[in-house]
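Q: Would you mind keeping the following structure in view while I ask a few things?
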Amino acid sequence: MFYLTIDILGTIAFAISGVLVAMDKKLDLFGVFIIAFVTAVGGGTLRDMLIGNTPVAWMQDSIYTFTILGAVIFAILLQERLRYLRKSLFLFDTIGIGLYTMVGIDKGLQAELIPIMCIALGTITACFGGVIRDILCNEIPVIFRKEIYATACILGGGSYFLLTRLPIIDEYSFVASIIVVIGIRLLAVKYKIALPNIYRNKSA
Amino acid sequence: MFYLTIDILGTIAFAISGVLVAMDKKLDLFGVFIIAFVTAVGGGTLRDMLIGNTPVAWMQDSIYTFTILGAVIFAILLQERLRYLRKSLFLFDTIGIGLYTMVGIDKGLQAELIPIMCIALGTITACFGGVIRDILCNEIPVIFRKEIYATACILGGGSYFLLTRLPIIDEYSFVASIIVVIGIRLLAVKYKIALPNIYRNKSA
Amino acid sequence: MFYLTIDILGTIAFAISGVLVAMDKKLDLFGVFIIAFVTAVGGGTLRDMLIGNTPVAWMQDSIYTFTILGAVIFAILLQERLRYLRKSLFLFDTIGIGLYTMVGIDKGLQAELIPIMCIALGTITACFGGVIRDILCNEIPVIFRKEIYATACILGGGSYFLLTRLPIIDEYSFVASIIVVIGIRLLAVKYKIALPNIYRNKSA
């Protein structure tokens, strides 16, 4: 129940972030819905297609579709005020990537993949909805350009596999790793931590 | 036979619409062929990957590949005159989305999905070839921005599931729903009906 | 062993070509890695999803991930000198598409597809990593715009199916076809051979 609540909150946050990008591009109602939809379920869809877990997850449970539909209607009705909700949305989004990362890792374990591939699946689940959103809106994906985002997922996923080597109940490791993702992401934004600059030419 | 004829006409229309977009971008012969190809089969390919119906449809029957190849050659040879065929192309395209919608719904039923997911699959089959075409050509997908297009597919698909609740032979419901898609699309274009505007700020 | 060596060299060349494009776009470290990754494995990933060969190849063998990681670190450290390596990179890339084409054809044969679909799979394996790289970087894919690239894969793939009709050991046909891809690509670049122009309007 707790798990589902967080999952739905993450879906809402991702969907609304899709609505915001789509409305910036002046898409029509259908376009806004599709962008919200792919932002929320695109990462999990790519994950399921990569491991052959088909029909993909959102086709097997209509709760995601209806949640996204509700979030889109809510976001369109409250469009002037959405900017004020930015902080809540950021929090939902951050919780969302924490949970989505671990959902992806769980699917990787079920598919009997090695840890590094599970971490890749977790990161894809959490981050690639946003990547597909940006591609559909004709932008270079924002997570390729700034801040610790995917990196939080990778580190959180890595900490899960470290924790499972210790004598800790698996559920605790799972929850702790979600907290690691969320913590890294929050700290990175609060202290403006970015990935190390890789460009040597300063004029660039 | 009738079914196949319409399917091939739809493939031709989609392929030629791909050629037109690709030639506007000055792509080379290979680029034009690929854009024509993904426009015609991209929606069905995404559908098949989402439900795990692999190898995807176009790999199992080469008639699509050869039809598209023929359409591309035809379109390149007659490039100056294609603009005059605009009306016929629009009609083929409209028939195409009607049929593709119901093909997608049929695949969803075979995969034992619930009606709303079948409608989603139908809409993906009909519309996402054009979406992939636009992404490959570095444009925001046109169906996210204007007119009733996907909406016609959704309403036509919905009408199929309403009709199947009535004591009507399934084939009739199937054909009637194709006609609903086509009718809504034609009426929307003729009377310039668009989705309701969702933007409150008039200066936008 | 020889096969693996060439495969790894191809992966390195594709990964470095991804780094070069990503650095032109000023992506951050994560972005550069992802672009390198999709350039190297994107074609094979799409191929595996199209035929349902899941989990996709790179998830089943971590050598690709580590090779790409090494190539990215190497490329970032040596960024000023990479331009001088352009000729070696071109050679690796050319060998890479030759080998990737035949790897894709081999997978198509295993999936019992007809020759034309095997050739399509081979071409997808060799070329679509670069297509996904360009889409993620918000460019029209370069292979749709210039030079003989995919065409070399198609002709090399076609020559394989011609050779298998002759009384030749399969391994020889396989290697000969790799050489055909490489040869056509090298000749096309050396003699600036391009696909025939399809545009009649000279002012365009």
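Cβ atoms are placed via backbone N, Cα and C, with glycine included.
TrEMBL entries are annotated by machine, without manual review.
Quick paste from TrEMBL:
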DOMAIN    B:5-79  domain 'Glycine transporter'
TRANSMEM  B:6-22  transmembrane segment
TRANSMEM  B:29-46  transmembrane segment
TRANSMEM  B:58-78  transmembrane segment
TRANSMEM  B:90-107  transmembrane segment
DOMAIN    B:91-164  domain 'Glycine transporter'
TRANSMEM  B:113-136  transmembrane segment
TRANSMEM  B:148-168  transmembrane segment
TRANSMEM  B:174-193  transmembrane segment
Q: What are the DSSP helix, strand and coil residue counts for the domain 'Glycine transporter' (B:5-79)?
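A: For the domain 'Glycine transporter' (B:5-79), the helix, strand and coil counts are 62 helix, 0 strand, 13 coil.
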Q: Counting only CB pairs under 8 A, let me know which of B:58-78, B:90-107, B:148-168, B:174-193 has the most with the transmembrane segment (B:113-136).
A: B:90-107
Q: Reported in the order helix, strand, coil, what are the DSSP residue counts of the domain 'Glycine transporter' (B:91-164)?
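A: Helix, strand, coil within the domain 'Glycine transporter' (B:91-164): 59 helix, 0 strand, 15 coil.
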Q: Counting only residues 6 or more past its boundaries, what in the same chain has a CB within less than 8 Å of a CB in the transmembrane segment (B:6-22)?
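A: Sequence-distant neighbours of the transmembrane segment (B:6-22): 31-32, 35-41, 63-64, 67-68, 70-72, 74-76, 82, 85, 89, 91-93, 95-97, 99-100, 103, 129-130, 133-134, 137, 139.
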